[in-house]
Ligand SMILES: Cc1cc2nc3c(=O)[nH]c(=O)nc-3n(C[C@H](O)[C@H](O)[C@H](O)COP(=O)(O)O)c2cc1C
């Protein structure tokens with residue numbers, strides 16, 4: 001059994017984190033994943049300004065189930081004061097037990113303004129955001145972590161500097177999505193960079209990027225020495241990956257993945273839709289939100305185009321049940337879908353930055369208009 005990941009005083013067993021994914025990791029999806037195995041299950045990203053302004057939609061997104069023992073919340077901010085105010089609010093209103101700060105978003109709308117993955121380049125501003133956030137979290141005993149990318153591109157890497165600055169500021173751990181912003185989600189994550197960061201830091205390092213199976217998590221730990229893994233796209237349409245990860249960390253290389261038949265997958269599909277309807281308190285909205293998951297669940301299964309399309313257009317749970325009844329429950333899990341990328345795999349693209357952004361690393365001006373609901377990491 002691998003050592004637990006320590007986030008402050010909290011021991012995470014197995015050392016697995018569900019990556020925050022906008023539009024995905026809401027209370028319904030987290031429950032589905034939590035039922036499979038241990039770990040930390042991070043809520044969808046919340047922008048600090050919307051939080052301090054108490055925008056109702058934002059507050060609603062911070063919904064945790066009663067049995068979520070370690071409520072984990074990701075915040076995104078570019079202003080040290082607003083970020084600290086948001087962290088204080090999380091503590092005062094008892095909204096979460098852990099806060100992660102997102103510095104990984106590669107979306108052009110965000111980097112163009114100097115936010116997301118562009119921000120660590122401005123090292124003083126980055127340091128101020130993190131240290132003010134840590135200070136604001138401290139009185140409440142909330143461990144604060146950061147999640148970042150390697151840098152803007154291969155010529156503008158920031159992860160070691162940013163990791164050291166975050167450590168000095170007092171973070172509980174640092175997570176690295178081992179791609180540059182330029183790479184977006186393309187190519188392979190550079191696990192060597194995770195190893196480099198692990199060598200450079202004393203605080204726990206979390207590795208992120210391209211864990212598709214339990215065996216990948218073991219390989220990442222072996223390769224990098226990281227203290228825990230962050231899993232994003234690999235669990236899209238596959239919440240049982242968390243059972244695999246738990247088995248892998250408990251039994252080591254001897255573990256065997258348990259692969260569901262199409263009948264078992266369709267039960268999980270139905271439950272996911274039901275949980276979304278409950279979470280959104282509306283059958284139509286729940287079903288609409290569910291549609292994006294269908295293709296991920298069915299990836300690799302021999303299911304005809306018409307049925308796939310109909311499933312991806314459901315507007316009621318009864319309709320979903322009727323369609324699921326048409327699937328052959330005995331079909332085994334498609335082995336060729338294993339170890340394959342899923343979810344976003346878009347092409348690399350030059351990172352759009354504010355004019356003159358790269359010329360000064362020490363400018364502390366807070367970028368304007370860089371806080372939007374666009375997210376990614
Ligand atoms: C649909 C989607 C939404 C995402 N939203 C966020 C986000 O809000 N915050 C964040 O830090 N990362 C976000 N990410 C990035 C993931 O957390 C993760 O870093 C990335 O997918 C790499 O890990 P993976 O290879 O396991 O998918 C998102 C990724 C996807 C695919």
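Even glycines carry a Cβ here, placed using N, Cα and C.
74 is the only one of 74, 340 that TrEMBL places in the FMN site (with 20, 21, 22, 147, 177, 232, 233).
Given the ranges 298-337, 338-377, the record in TrEMBL names 338-377 as region 'Disordered'.
Reduced to three states, the DSSP call for residue 105 (active site, proton donor) is coil.
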